[in-house]
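A short write-up of the structure that comes next.
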Amino acid sequence: MSLLQSALDFLAGPGSLGGAAGRDQSDFVGQTVELGELRLRVRRVLAEGGFAFVYEAQDLGSGREYALKRLLSNEEEKNRAIIQEVCFLKKLSGHPNIVQFCSAASIGKEESDTGQAEFLLLTELCKGQLVEFLKRVECKGPLSCDSILKIFYQTCRAVQHMHRQKPPIIHRDLKVENLLLSNQGTIKLCDFGSATTISHYPDYSWSAQKRAMVEEEITRNTTPMYRTPEIVDLYSNFPIGEKQDIWALGCILYLLCFRQHPFEDGAKLRIVNGKYSIPVNDTRYTVFHDLIRAMLKVNPVERLSIAEVVRQLQEIAAARNVNPKAPITELLEQNGGYGNSGPSRAQPPCGGTVNSSGVLALAEYDQPYGGFLDILRGGTERLFTNLKDTSSKVIQSVANYAKGDLDISYITSRIAVMSFPAEGVESAIKNNIEDVRMFLDAKHPGHYAVYNLSPRIYRASKFHNRVTECGWAVRRAPHLHSLYTLCRSMHAWLREDHRNVCVVHCMDGRAASAVAVCAFLCFCRLFSTAEAAVYMFSMKRCPPGIWPSHKRYIEYVCDMVAEEPITPHSKPMLVKSVVMTPVPLFSKQRNGCRPFCEVYVGEERVTTTSQEYDRMKEFKIEDGKAVIPLGVTVQGDVLIIIYHARATLGGRLQAKMASMKMFQIQFHTGFVPRNATTVKFAKYDLDACDIQEKYPDLFQVNLEVEVEPRDRPSREAPPWENTSLRGLNPKILFSNREEQQDILSKFGKPELPRQPGSTAQYDAEAGSPEAEITESDSPQSSSTDTNHFLHTLDWQEEKEPETGLDNTSPKESQSVLIADGDGSEVSDEEEASFPSEERKPGAGEDTPRLAAGTKQQDLIFDVGMLAAPQEPVQPEEGVDLLGLHSEGDLRPAAPLQACGVPSSNTDLLSCLLEPSDAAQVGPPGDLLGGEAPLLLASPVSPLGLQNNLQGKVPDTVDPFDQFLLSSNSDTQPCSKPDLFGEFLNSDSVASSTAFPSTHSAPPPSCSTAFLHLGDLPAEPSKVIASSSHPDLLGGWDTWADTATPGPASIPVPEGTLFSSAGHPAPPGPNPSQTKSQNLDPFADLSDLSSSLQGLPAGLPAGGFVGAPAPTQKSNSPWQANRPTAPGTSWTPQAKPAPRASEQLRSHFSVIGAREERGVRVPSFAQKPKVSENDFEDLLPNQGFSKSDKKGPKTMAEMRKQELARDTDPLKLKLLDWIEGKERNIRALLSTLHTVLWDGESRWTPVSMADLVTPEQVKKQYRRAVLVVHPDKATGQPYEQYAKMIFMELNDAWSEFENQGSRPLF
């Protein structure tokens, strides 16, 4: 009988396992199973386990293959475990690194032929187990570090998805055998039969029985080699939770790196003590050593969380410039590439191994033929079916190329990118259009629109006629009007319904799709630069491989939707010639080229310089440059292609030649300023370049151009003319606030300015009168960024300062849009969407929007000044001698007569130390219209200027009213002789309007009353300072001496007046007792002491006066050790005061030459010690206050002040470090010592002299990485800070390498 049974088993085929189980398995193969709407035919056995089989099944309708898991159970406990596995898989399905759940079904044991309950679980079919691929690769050598990084990162992403569930799902049986390789080459985690949501927290109250029960349950669901110390020894009372998956991941990483398990024998003692060893001589995987140690900690509390593991892997990937989400191509290449048919076919292990947890072990069987009885049992129908299956294997072997997962990526939840949806045979290597339709209909039923960017078309009915055909040409940037129209269309579709999504595709879902999606992200104001958008696309899908022209057109869109948009003009442009400097080396001898040019406008070729070979000029290196004359007028999208003409064998006789493309340039004329004469493109701005050796160093291409002054409107109005920018908000790109915050945390790094290697320049000459007529039509820049697209333009409009809205958050942008009016309709998406949150600037957490004008990195205009003169703007930097640019409070000044100060045309310096309250328009006879004292004058306001023009007494004094008032102003109340009329007279209206709008009035405390020298009192002060010479400004020494407050500081009460000796000065005399007016304007110049008197009591708190002295001869020195000439700055001779402000040391010496000065005699009285706050209300009005007591003066200071409120001080310190040195490896290394944390002594500062050659830079960079590498700071308080420094250095090093590792000189 046994012999007969063996014979039947032999005839049943090689798939038989023998006995009832084998017959059950064989009986199931070939059957048709219905799961929901799917009708599947079971084709063969893939694997078997303790109570489960895995089959390959094919959908009879679509031909798609699936993995069908058949689970058998005869116990209620097993039933619950199976149902739980199905529930977990269904809940976790959808993640790219977890096997996809499709369907499930079950029947009771009463209905089953096996007498057991049956459960069917349908999932996607993967290529095979990772173990088998690793074995094949490792036979040829160790696995590369990048491949291990991808494998482990994708595995951790799957575990992270499990741990993020509520409650967290713990896999408990993570091992390399449970990792599958998809047809696309990505990792898929499978087998959730051991997963649970229950955590255990043993303590001393647990009984031995309870510990034994828990240990038994855990042992049944885990693999011995991967068990954790807390599981092996429950009496350690460590918590048993998600950290057991971290331990298993550490074992997997160790196994991937060193091809052996850290606890190969599963010895409990070694596991409990964490005894494993990393090979000492390993240098290939050193980057993973610290990560392995951190994951294999005995105490689970000390192990890294899965989020920390993923973050460290991302940092390693960024440092190695690897996309960790990409397919593991090394495994696919070693195993036949993407074209392998079906999953890997491995030989079955002996007897089919089954572990203690009942997990499926590999038992794949090759079944190239069926058993003899299979044919007899199925009859002729089965025979022809098998023949049909065999004939279809050729197509199936090709169809498995990248099949199994659709090539579709979600940039956001509402923007998707995929490759071309193909039909027919082509669908074997591309997305099948039916699969795409089914996927989109299932996920976004009725709410998706497809945008086809490729020149090929297909039936729009496949996607319910919601297909937009764009037809963009390949290997060039799209036309601007087409790109802008596409962005408008996508925005309108997303606004219709908050459930709508946009699906964009070209042929491969790369360059063209990246341009469209990145431009749309910028159109919605998520980013303001192309670099940030392209980076997000690269991380969400793949590196797009775009050209500089693609990026240029994305920047065009950024400019057009900026806060102050730049609209392209409609002026034609004459391209005179193309100049290449130096001569490119395209000849066979590498000594020159024979170039010719083709120019396209849109799709039409407008000119070519191609001629017969001998008639085209050949340029040599000695020529220095190659010039191609053109003389063609273009407008709109311009494409210039430069070819090298090369003679072929026998070509001269046949008048034939071969052309070799050298490069091409594409741009839009609407963004070239009207006065540009030369457009310069660097080597990095050129498209379709050949090998770098053919382009000499500093190679650039210049277009000699001339922009016509008149507009030439196109036949059709461009789409941006009548487009309202209201309502553009980045939140339309997301489905909820959490998604937006996640995007900001990943891609919200502050956008970097343009890099030097990707900029071009524009030269221009003085504008002609015709050009000035159309001057206002030129696109204008709104940014102060030095690397702006139009930064170096010197247009006349730039007399008005640029007020770019730096760091404008989305919330601020929204408020601006709302403030524009209520005409914009709020979409349904915006009404139902999450509330907009303001983005807070950070080092790497948010995305502060840079100035709206920081665009067009590819083009910079270098334009000369126009013929129209420009009014100079007084800079605010340098020594502020008279406080002309300091800020102060605008306080109305009282009339001069109210203070009891007489009018005089001879008392030149009486108002030198008057309070600001004593200011009034001078009476007749005042030489310069003395209206305010030199030092204490109140600042001017625009209102004061208007009052002067209207003949009224101003509330505040304008120190430069004589300079600003017109000479023909007959309404001025002064009738005094105009002694300085010739050089003080100017047109006030022209002068005021010539200044920028933000400087229409002088700065608040621009006190220039040194020319207002009238109104000097005659009576000397009742208190005489102990000085042998008159010292008008002697009290200033007190400032320098007492700048640092001491214990003897004397508080100054409100309204108290101090002399230079520190004693309170009595109030001034009655106005009736003052000296009468003198006729000689300079008579009292030598009797200065007589012009000093007690000042009125209206002086602000903290005021003081200089020390007057008895009358001296006219030739007696009156100021000791003063500067040589009036108007120059000087420092009073006093004892050193290191902390004194520099502004307190620079003043005007109004009168007195060198020969008139003598030796200063010190005062007999002790000088007072006052605090720095005693003159708080005095100094701000005169420009002598410290800068830290004033508000920010510049936009940069305002941004820093805003950052300081919400940002970590360490991040602020890092931002200050990289400011102005973004991606400049030399600058960052030479200043690295300024940002290192306290106690770091391994780094020795380096200078620029140590960073001249690329070798020196590389050496210092490696030293710096050893110091700041985050792995060396694990667990330290400065760990996060070290990570930020490391990332900045790494970005700078990558940029240094991308630019060719050039030497400094």
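Even glycines carry a Cβ here, placed using N, Cα and C.
Note that the structure is a prediction, hence the values are computed from the model and not measured.
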If one consults Swiss-Prot for phosphoserine across Ser714, Ser758, Ser827, the residue flagged is Ser827
Candidate annotated as omega-N-methylarginine in Swiss-Prot, where the set is Arg712, Arg1122 | Arg1122
Looking at Ser610, Ser776, Ser824, which is the one Swiss-Prot tags with phosphoserine?
-> Ser824
Between the Cα atoms of Ser454 (phosphoserine) and Asp173 (active site, proton acceptor), find the distance and write it as a whole number of Å.
-> 46
If you draw a 10 Å sphere on the Cβ of Ser454 (phosphoserine), how many other Cβ atoms land inside?
-> 20
Looking only at the domain 'C2 tensin-type' (570-708), what are its DSSP counts of helix, strand and coil residues?
-> 19 helix, 73 strand, 47 coil
Write out how many residues of the domain 'J' (1241-1305) are helix, how many strand and how many coil, based on DSSP.
-> 42 helix, 0 strand, 23 coil
Per DSSP (three-state), Asp173 (active site, proton acceptor) is coil
Asp173 (active site, proton acceptor): tally of other CB atoms within 10 A of its CB | 22
Taken over the domain 'J' (1241-1305), the predicted model's pLDDT averages 88
